[in-house]
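Enquirer: Below: one structure in structure tokens.
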């Protein structure tokens, strides 16, 4: 997948030089580039914003540098243009799954009081992280891009790595443990030490159901229990 990030602060995305995403880039699984919107302005002072018509607080990002940056990005990336803004759908794992199927994506990061309304005709999709305000679109783009790229085959190494994570299958993830076997009186559940993979799988499914029901009952109400889920819950209640 090719990711193009249109931003005034390309240095903020250096986080993608490291860890899992960094390795995916080194292995050519992911192609990620940043385009500095300021490089495309025709203003001799390199300005990319101006006062809003009609008055009001703050500055508005001008259309010319944004649209020219989008057009340049599209020369090598035919993906959807995604804007991080307050009008958009609230981002979740389902949206991440759909976007992970694209061959490319172009992310536009706004700043200041927002973007000129005339830019919206060049935008295919708007995404919001929620009903709160951030300093700029960059801070929203980072978790969105990370979430999407984790779903690209080969990025995590094993498909099971993300299939068992919270939200992928509609549930929160089961509890995780590592060494030592006992810490300050708390012991690792014996079943995880048993080596019986089928029993461990069922235990993890049970705990995932229990944790979701307790912490996120709203999510639990949306899931459809399988025959195995019903059996696992019944066996637990009979003990």
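Placed from the backbone N, Cα and C atoms, the Cβ positions cover glycine too.
Per Swiss-Prot, the features are:
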BINDING   110, 129, 130, 131, 132, 133, 134  S-adenosyl-L-methionine binding site
Enquirer: Counting other Cβ atoms within 10 Å, pick out the least crowded of the binding-site residues 110, 130.
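Expert: Among the binding-site residues 110, 130, the sparsest Cβ neighbourhood within 10 Å belongs to 130.
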Enquirer: For the binding-site residues listed here (129, 133, 134), which one has the lowest count of neighbouring CB atoms within 10 Å of its own CB?
Expert: 133
Enquirer: Across all the protein chains here, work out how many other Cβ atoms are within 10 Å of the Cβ of residue 132 (S-adenosyl-L-methionine binding site).
Expert: 7
Enquirer: What whole-number distance in angstrom separates the two most remote CA atoms of the S-adenosyl-L-methionine-binding residues 110, 129, 130, 131, 132, 133, 134?
Expert: 16
Enquirer: Under 8 Å Cβ-Cβ from residue 131 (S-adenosyl-L-methionine binding site), six or more apart in the same chain: what's there?
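Expert: Non-local contacts for residue 131 (S-adenosyl-L-methionine binding site): none found.
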